[in-house]
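Asker: One structure, pasted below without further comment.
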Amino acid sequence: MTLKRKKVSVIGSGFTGATTAFLLAQKELCDVVLVDIPHMENPTKGKALDMLEAGPVLGFDAQITGTASYADTKESDIVIITAGIARKPGMSRDDLVQTNQQIMKDVTTEIVNYSPNAIILVLTNPVDAMTYTVFRTSGFPKERVIGQSGVLDTARFRTFVAQELNVSVKDVTGFVLGGHGDDMVPLIRYSAAGGVPIKSLLKPEQIEGIVERTRKGGAEIVNLLGNGSAYYAPAASLVEMAEAILKDQKRILPSIAYLEGEYGMEGIYLGMPTILGANGIEQIIELELSDDENKALLKSASAVKAVMEVLA
Ligand SMILES: NC(=O)C1=CN([C@@H]2O[C@H](COP(=O)(O)OP(=O)(O)OC[C@H]3O[C@@H](n4cnc5c(N)ncnc54)[C@H](O)[C@@H]3O)[C@@H](O)[C@H]2O)C=CC1
Ligand SMILES: CC(=O)C(=O)O
């Protein structure tokens, strides 16, 4: 009897898509199909072949296919959407929303056609609104359409806390909630180093500095790179979420989840503490928030709603 390996398709073979595909294969989590537009078919095939040829050196065994045909994605367990454009000079935020929204609709129609039982992970920005578009277009249940931002934002927060304390990042925990923007909400009360609340380890001004740097974490990398946005940490974040689902790990990770009454909100995708397992989002965890934390979360939700208002 041959065991069928799990299959993950990654849509968009750019910086984040290619890095995600490589990490998934390197960890032998699944076979990977990397998809891009027809114009990009040969470069996509080239990237996939190049990754495959790293297998003998790194000692991993996974199929990696580059393609422009969605037929190759048939019966994927997970489909990860990284396709889309980033904002260019002269382009408004609304232009970006319109363009990426159309790409989400086109891509999702193909995903539904070939992988009707898949779990979809969305990365494309503005990610809260794009996850909502994929949810509406797919008709999938809410637990099977999930956005990525909180794992990345929390990773940045943990990195900065570890740097400030000069301790191992492995011992730093945290939780960043809300939309993927300047109003995201790092929950200081739930952040600790080795189990010790960071409030008793750092001065208020140090914590404020870390919160601000986390909120601007994406822009910091954009400014340094000069020609694109972050992709190593975003890809690692997608892979952590995909692994939790593929292995039914029941990990408590922040995900962009659809709210139907949780935290007093309805009809919006927003970063929340969730349990991720084989069924996708298996639970949204409702934390007790202080008045200030609740106010900050509502402010972040308003920013997401403002983007949703320009959705067609
Ligand atoms: N949510 C998050 O935390 C993060 C979100 N992002 C977002 O992810 C997206 C991708 O970023 P990068 O990979 O750096 O961009 P990139 O420009 O390197 O790659 C995008 C790829 O999408 C492809 N593409 C465009 N239309 C397509 C379609 N209809 N079907 C299939 N492929 C298509 C392009 O040909 C390109 O290869 C951007 O919107 C970026 O802002 C990036 C990092 C973190
Ligand atoms: C690009 C992006 O969303 C980030 O680096 O946070």
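Note: Cβ is positioned from N, Cα and C throughout, glycine not excepted.
Unlike curated entries, TrEMBL annotations are predicted automatically.
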Asker: Taking TrEMBL at its word that Gly12, Ser13, Gly14, Phe15, Thr16, Gly17, Asp36, Leu123, Thr124, Asn125 bind NAD(+), choose the one of Asn100, Asn113, Asn166 listed for that site.
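Answerer: When TrEMBL describes the NAD(+) site, the candidate it includes is Asn100.
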Asker: What whole-number distance in angstrom separates the two most remote CA atoms of the NAD(+)-binding residues Gly12, Ser13, Gly14, Phe15, Thr16, Gly17, Asp36, Asn100, Leu123, Thr124, Asn125?
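Answerer: Taking every pair among Gly12, Ser13, Gly14, Phe15, Thr16, Gly17, Asp36, Asn100, Leu123, Thr124, Asn125, the longest Cα gap is 17 Å.
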Asker: So what pLDDT does the domain 'Lactate/malate dehydrogenase N-terminal' (7-147) average out to?
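Answerer: Within the domain 'Lactate/malate dehydrogenase N-terminal' (7-147), the model's average pLDDT equals 96.
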Asker: Say you check the Cα of Gly14 (NAD(+) binding site) against those of the recorded positions Arg87, Arg156, His180; which is nearest?
Answerer: Arg87
Asker: Compute the C-alpha separation of Arg156 (substrate binding site) from Leu123 (NAD(+) binding site), stating it in Å without decimals.
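Answerer: One finds 16 Å between the Cα atoms of these residues.
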Asker: How many neighbouring Cβ atoms, not counting its own, are there within 10 Å of the Cβ of Asp36 (NAD(+) binding site)?
Answerer: 24
